[in-house]
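Taken from Swiss-Prot as is:
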| type | residues | note |
| --- | --- | --- |
| ACT_SITE | Asp18 | active site, proton acceptor |
| ACT_SITE | His46 | active site, proton donor |
| BINDING | 17-23, 45-47, Arg311, 337-339, 419-421 | GTP binding site |
| BINDING | Asp18, Glu19, Gly20, Lys21, Asn43, Ala44, Gly45, His46, Thr135, Arg149, Gln230, Thr245, Arg309 | IMP binding site |
| BINDING | Asp18, Gly45 | Mg(2+) binding site |
| BINDING | Thr305, Val306, Ser307, Gly308, Arg309, Ala310, Arg311 | substrate binding site |
Amino acid sequence: MSGTNYRTLAIVGSQWGDEGKGKITDYFAQQADLIVRWAGGDNAGHTIVIKRNKYKLSIVPSGAFNKKSMNVIGMVVVVNLRKLSYGNWVIYKQHGFDLLKNLRISDRVHLIFPYHMKIDELQEEYRQKDSIGTTKKGIGPCYQDKAERIGIRLGDLFDEKGFLQKLENNLKFKNEVLQKFLIVKDLTKINLKRIFWHYFQQIKSLVTDTSILVDNAIHNHQKFYLKEAQGVMLDLDHGTYPFVTSSNPTASSIPVGVGIAPRYINNVLGIVKAYNTRVGTGPFPSEIFGEVETYIREAGHEYGTVSGRARWIGWFDGILMKHSRELVVILVWLIMLLDVLTTIKELKICVGYEYQGQQIDYVPSTIKEYEMCKPILITMPGWDEDISNVTTFEGLPHNAQQYLMKLEEIVGVPISLFSVGPDREQTILMNKEIF
């Protein structure tokens, strides 16, 4: 890479989410002036470990644990105000972090209401065996209201009369829908106004036009870091539809979600695990079964931060990563949880798919085709040495080095960082010119 000192760094989950974006955001936040989350909602969780203390977050950007940086919730994020209330700030206050000073929220974010969560739950029950595995946080129905132009944005609460009118209009229809599904308890305008007004007063001073904040940061040559939730394979358009999220967590959506021109994005990092996981429903060609599956799940603590659900476990999928590389235009990538693979005697890597007797090297666009794909695997020797205290690539066991080099060869993108444990200090940066 050139000697450019990158000012704008975007990180994109390149699998099915849960790749470790929270940890990496916290890591780079130590150098950033601004951290911006541009999409998703509180359906995605992030776990950060600092000096062996574990913190689980959902809506506040992971950079909140850096007192020097400003954290921004961008305009395409959907927000449950209760998750931003004072009661959820205890974790930060206990460690000396004041969100009133280092958090700002776009006045354009759409709000999640109780009726969104109820409808989300009902839709999942109605689908039965065809459930898509939603977290039932109301994310999809909120984005649906946005697309139908009946959504309520955070900035609407500054106009009490206008807010109440929009809420009343929505409740007329939402209550009718809920009653038809035998949920007879009405969601009333008065009750919702009281709840939302209470939460709004707590965060009112944080609400602003964040696109101006970001624009000023760019022109003042500040370093800022862009982060999404979920991953490329959960993208509404490019993922395994319909088993996807309701937003676009690929780098191409950054300009819309943040409010900047594409030319300001200097570098895009793809983040992946040294193996593969997914949660919910949908095709997963490289899935592992048996003892190795159980070992990786327990060693990697592979349970959803928000849902608590056990994640599916799979071998590293090179075809999926090439798909992500092309969609996101990944310049460098980061390998997380390499330590989890320690003591596994044979490691496998998916290098192709078998589909109807033919070998293919791409991700099919339809679920039916993708579900019929079988992995074509190569085998590499594992390692037994503890790598949790390694601080350089050269300090890794020979087989671990060979494994990383093979992944780099398959994907065709240089690895710039790898992780050997959950703590911030267990992050090894191989290319110091990233940021």
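Backbone N, Cα and C atoms are what each Cβ position is placed from, and that goes for glycine too.
Computed from a predicted structure; not experimentally measured.
For the binding-site residues given as Asn43, Thr135, Gln230, the lowest number of other CB atoms within 10 Å of the residue's CB is seen at Thr135. Taking the Cα of Thr135 (IMP binding site) as the reference point, the closest of the binding-site residues Gly20, Lys23, Gly308 is Gly308. Of the listed binding-site residues, namely Gly17, Gly308, the sparsest Cβ surroundings within 10 Å are found at Gly308. Checked against Gln230 (IMP binding site), the binding-site residues Gly20, Gly308, Ala310, Val420 differ in C-alpha distance, with Gly20 being the nearest. The binding-site residues under consideration are Ala310, Leu338, Val420. Their Cβ neighbour counts within 10 Å are lowest for Ala310. According to DSSP, Asp18 (active site, proton acceptor) sits in a coil region rather than a helix or strand. Note on the binding-site residues Lys23, Arg309, Arg311: the fewest other CB atoms within 10 A surround the CB of Arg309. On its own chain, Gly20 (GTP binding site) has Ile271, Lys273, Met336, Leu337, Ser419 as residues at least 6 apart in sequence with a Cβ closer than 8 Å to its own Cβ. Using Cα positions, the member of the recorded positions Asp18, Asn43, Arg309, Ala310, Arg311 nearest to Val420 (GTP binding site) is identified as Asp18. Separation of the C-alpha atoms of Lys23 (GTP binding site) and Arg309 (IMP binding site): 20 Å, rounded to the nearest whole number. Per Cα geometry, Asp18 is the residue among the recorded positions Asp18, Asn43, Arg309, Ala310, Arg311 nearest to Leu338 (GTP binding site).
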